[in-house]
Amino acid sequence: MPKRTDIKSILIIGAGPIVIGQACEFDYSGTQACKALKEEGYRIILVNSNPATIMTDPDLADATYIEPITPEVVAKIIAKERPDAILPTMGGQTALNTALSLRRMGVLERYNVEMIGAKAEAIDKAEDRALFREAMKKIGLDTPGSMFANATEIKDEDRKRHEVKRAEVKAQFSGDELDKALDKLETEWQLGEVERKQRYMSHALAKAAQALDVVGLPAIIRPSFTLGGTGGGIAYNRQEFFEIIERGLDASPTTEVLIEESVLGWKEYEMEVVRDHADNCIIICSIENLDPMGVHTGDSITVAPALTLTDKEYQIMRNASIAVLREIGVETGGSNVQFAINPANGRMIVIEMNPRVSRSSALASKATGFPIAKVAAKLAVGYTLDELDNDITGGATPASFEPSIDYVVTKIPRFAFEKFPGSSPILTTAMKSVGEVMAIGRTFQESLQKALRGLETGLTGFDEIAIPNIEEGDEKNAIRAAIGTPTPDRLRMVAQAMRLGLSVEQVHDASKIDPWFLEQIESIVKTEERIREHGLPQDAENLRMLKAMGFSDARLASLTAKDAEDVAKLRADLDVHPVYKRIDTCAAEFASPTAYMYSTYETPFVGQPRSEAEVSDRKKVVILGGGPNRIGQGIEFDYCCCHAAFALGDADYEAIMVNCNPETVSTDYDTSDRLYFEPLTAEDVLEILRVEKQKGTLHGVIVQFGGQTPLKLANALEKAGIPILGTSPDAIDLAEDRDRFQKLLIKLDLNQPKNGIAYSVEQARLVAADLGFPLVVRPSYVLGGRAMQIIHDERGLQAYLLDTVPELVPEDIKAKYPNDKTGQINTLLGKNPLLFDTYLTEAIEVDVDCLCDGKDSLVAGIMEHIEEAGIHSGDSACLLPVHTLSPEIVAELERQTAALATALHVGGLMNVQFAIKDGEIFILEVNPRASRTVPFVAKTVGTPIAKVAARIMAGESLEAAFDAYGGKPQPTARPHIAVKEAVFPFARFPGVDTLLGPEMRSTGEVMGLDYDYALAFAKAQLGAGVELPREGTVFVSVRDEDKERVLGPVRKLASIGFKVMATGGTQKFLEANGVESTKINKVIEGRPHVEDAIRNRQIHLVFNTTDSASAVSDSKSIRRATLMQKLPYYTTMAGAESAAEAIAALKAGSLEVRPLQDYFRS
């Protein structure tokens, strides 16, 4: 049937900040949904707190709310906008849980809002593990043996009592009085949440103890309604069991966990299914996890299509997944069903299903070309699959055709354990990866090796790796332990085990990885041995065969002790180049006008390999993307790449995107004119450029927008004679090179902190002695502050040089100096020296984003950090416009920024980080490229500055580029205030200290927007998941130099009814200054102490600053306890002051919600 006409406006809920388990894929799905529904004529209302998303661009929805995604805030948006329908299936778990809460609160009923895409009953049935198990039983599908630990009975009683009260209120009041009375009732219900949760936890823990006797150990624990397995895990003993149960019950919004029999080692599969309301069902893609059960699917290496299923098994699984959707009641849209198969006897069980688009949906969309989110959005408003065209084939096929693929797709996750010292790198059912790479090849081997080099962790393929503990004697057991333990490096361990003589059968016994995959890896390992022995083949046929197995030039070079350039020259001499094939959803059955391509060195049985690149004769620009997400390089850079593609299209260039991240909008088939899904290595990029140069004009390549990834390729591109648009590689190098940059600053008469540079361990000690402590030290050429630390004393320096720096040494240098740690470090520092700066205590840090065309420049935004200098800018909360800086300082910052931009001949964007101490300005860092603050600035000032920058890079003047997008912004003319807050994954890494420093650890960000600073800060906190208390007790323990300053926020909180609790010295100071407070013991002073009070929920807010290393160590347990109890915790005075202002503002009146568009209406 055609689309529904009874619906006029639709509210789409986004996913909020990037967190582990919920990343860019929901910007991709949300953006597709917005575009698809807007083109059908619906009024689109969007809520998302993440400014770095394409979906929050003001031209994508009719009303864009950058507001916290909480039920209370979304209820206000519904009251204001009165949408006809709400679509909750595009924003991950966040959107689903919010929609269900709105239904439970009666908001959807009160405002007559229909839930489309998935009914509440279907969401409940899929997400509530007890209901799901019953549903599977009903249709004859097996699930793991399991029991539940929950508090369903007492929850139902509480809910019934609440519903009786609601009915009484409805009978007693009407009109506005009814709305006020219902709001009051809901507020009372919300305030009782903590007490109810504690009762539910106690009840559920008792049930868990009973379940343990039945299920036994090991047991798999899965909380209900959580994201990426949050709170879950595998318990091997009783202590672990109760620790995970408690964590899981706390993480589950419904206080429920499922305790399952162990299915560790079984094979895991996923089916991506789409269904319409006429019951047409299609399988978009089957996905197989290379890692066996026991590892979260988001942390598993996966392949598509499934490669080790027989056709009979596939058909059984296909039918089962469709039956699951029908029974759960998913009437329209995409869903993901996960299965496990016991390889010993073939028993198939259903693990779970997601009644929404998911991470796997994004992977399946990119793997097949089928736009699941777009189709799901259109199905939600009434269309059937056969009424929709397949865009990829240009409408030659309808959307009801199941995709067919004639290639292999491999996804490998990317991890960041090095950012969280003390965290365990063992993978479990709780997701820990921060990003992923996808690669496409004609064979599994080609696809796998492309994915390994696309990870950007320094791998060129199956690089050698040391097996842990192998030198301790029992070699076989060490190898078995290494391949039997799921870690990020397990696949390389498998290859290393084979090099050390283990057979496929032995590796399978230890790892439970399917023998077919192991045989493929063994074939690669044996081929490597032959290359080592015989060298590179000198004929085209045999060299092409190696390339068809996925070997990179760099890997072949390392196997034969040559340079990668030598291998590339040999290939060029023998005319061995890849061809490019199209992803067309139909295995080449129909011609595809969509230029969505991958490279392959296929060797057909007959004739020559055929290229489907079909290069155009247009003027073209190539944009290099950011590769897999990682901490320090995420969605903000993808946002810039997308805006570059849009702007170049506006300027009539052909925009060509190169990227390998399946989660992103940049790898959507309609973001750019042409898309190459390829690893971002010099070899892969130069091959694409070789093909694109064959026709038309290559105007140049943009390396400025994708973070550090494309910048690393700039020199190789320049050497190959490729024009690089915007700022020159030499200027980028000048800003990174300490000596050259220092000379520039001297020439411009600009300050920087006293600093030094060290090319060896000995020199590092001399530089430190010369500068004195405290110091900031970091390796050169890094993004996200990798291995950047504040060093307070000689002991800290020693630990940094002997413990931290060795972790940065690449495998090839380790192999060169196997038993010489100092030799390894000095070799590394010879190329990448350590940079030392005097640490400026009590300084205000400032970020400035500016645009320049080489002559003229414009400062787009000056952001004042709430945290002091010394905390990585990506982890700091910041605000725009500045809050405490004088107009004179602001003018001087603008002058210095303009001087730097002109001196560096910046073409496009530049970011400068300043520190201001006692009125004096110091330059900390200059980045002549896009920074992670670009989207935040663009949304705040109302100008798409990344689009403007792309036009400048293509050759337009600053004036002309701004004129194309409505003229230059007038930041000072806007009365609103924006606050950016970082979001951290600490809850995923038990045991890790949450104290921030110069190494970046946040995964995402949110934005708070208001006309009042305190409310903007409050919104940013709420958006980041920090629930600011309106009443209760504040705990205060601060270092001596902060005691005067803490009086202000503490007095403010005391004046609005907060009680104050403090440790000895702070408590005496507060009392002496007229602030009534209660003394409590520090942890080292004996019990009952502050940590007990936090765990007993007697404390609701924490202000804690530390000075010495011992004080930092002493307060670590307090930081962990506040994290686990989800308490707001502030470790800087600026943060404490802002929090106190925000709490007072919230208590004084309610938050108002406004669409982004309203802030820019004159």
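Sequential numbering from 1, following the chain as shown.
Glycine too: its Cβ is placed from the backbone N, Cα and C atoms.
DSSP classifies Gln338 (Mg(2+) 1 binding site) as strand under the three-state reduction. The local packing around Gln338 (Mg(2+) 1 binding site), expressed as other Cβ atoms within 10 Å of its Cβ over all shown chains, amounts to 21. Look at Swiss-Prot and you will find Gln338, Glu352 tagged as Mg(2+) 1 binding site, backed by sequence analysis.
Reduced to three states, the DSSP call for Leu840 (ATP 2 binding site) is coil. Annotated ATP 2 binding site per Swiss-Prot: Arg778, Thr838, Leu840, Glu845, Gly870, Ile871, His872, Ser873, Gln913, Glu925, in sequence order, evidence recorded as sequence analysis.
The Mg(2+) 3 binding site annotation in Swiss-Prot covers Gln913, Glu925. There are 18 other CB atoms within 10 A of the CB of Glu925 (Mg(2+) 3 binding site), with all protein chains counted.
The annotation Mg(2+) 4 binding site is assigned in Swiss-Prot to Glu925, Asn927. In three-state terms derived from DSSP, Asn927 (Mg(2+) 4 binding site) belongs to an extended strand segment.
Per Swiss-Prot, the feature domain 'ATP-grasp 1' maps to 186-381; the stated evidence is sequence analysis.
On the 0 to 100 pLDDT scale, the domain 'ATP-grasp 2' (742-954) averages 89 in the predicted structure. If you look up Swiss-Prot, you'll see 742-954 marked as domain 'ATP-grasp 2'.
Residues annotated as domain 'MGS-like' in Swiss-Prot, with sequence analysis given as evidence: 1026-1162.
Residues or ranges marked as region 'Oligomerization domain' by Swiss-Prot: 457-613.
Annotation comment: Swiss-Prot describes 614-1025 as region 'Carbamoyl phosphate synthetic domain'.
Look at Swiss-Prot and you will find 1026-1162 tagged as region 'Allosteric domain'.
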CB within-chain contacts under 8 A for Glu352 (Mg(2+) 1 binding site), separation at least 6: Ala126, Arg129, Phe132, Arg222, Val337, Gln338
Cα distance (Å, whole number) from Asn927 (Mg(2+) 4 binding site) to Gln913 (ATP 2 binding site): 9
Residue from Leu840, Gly870, His872 whose C-alpha is spatially nearest that of Asn927 (Mg(2+) 4 binding site), among the binding-site residues: His872
Rounded distance in angstrom between the Cα atoms of Arg778 (ATP 2 binding site) and Glu925 (Mg(2+) 3 binding site): 12
Chain-internal residues, separated by at least six, CB under 8 A from Gly870 (ATP 2 binding site): Val776, Ile790, Tyr839, Leu840, Thr841, Ala843, Glu845, Gly997, Pro998
Largest separation between Cα atoms (Å) of residues that the record links to ATP 2, namely Arg778, Thr838, Leu840, Glu845, Gly870, Ile871, His872, Ser873, Gln913, Glu925: 18
Binding-site residues: Arg778, His872 - member with fewest neighbouring CB atoms within 10 Å: Arg778
Three-state secondary structure, Gly870 (ATP 2 binding site) (per DSSP): coil
Residues in the region 'Allosteric domain' (1026-1162) grouped by DSSP into helix, strand and remaining coil: 70 helix, 19 strand, 48 coil
Asn927 (Mg(2+) 4 binding site) CB neighbourhood, other CB atoms within 10 A: 20
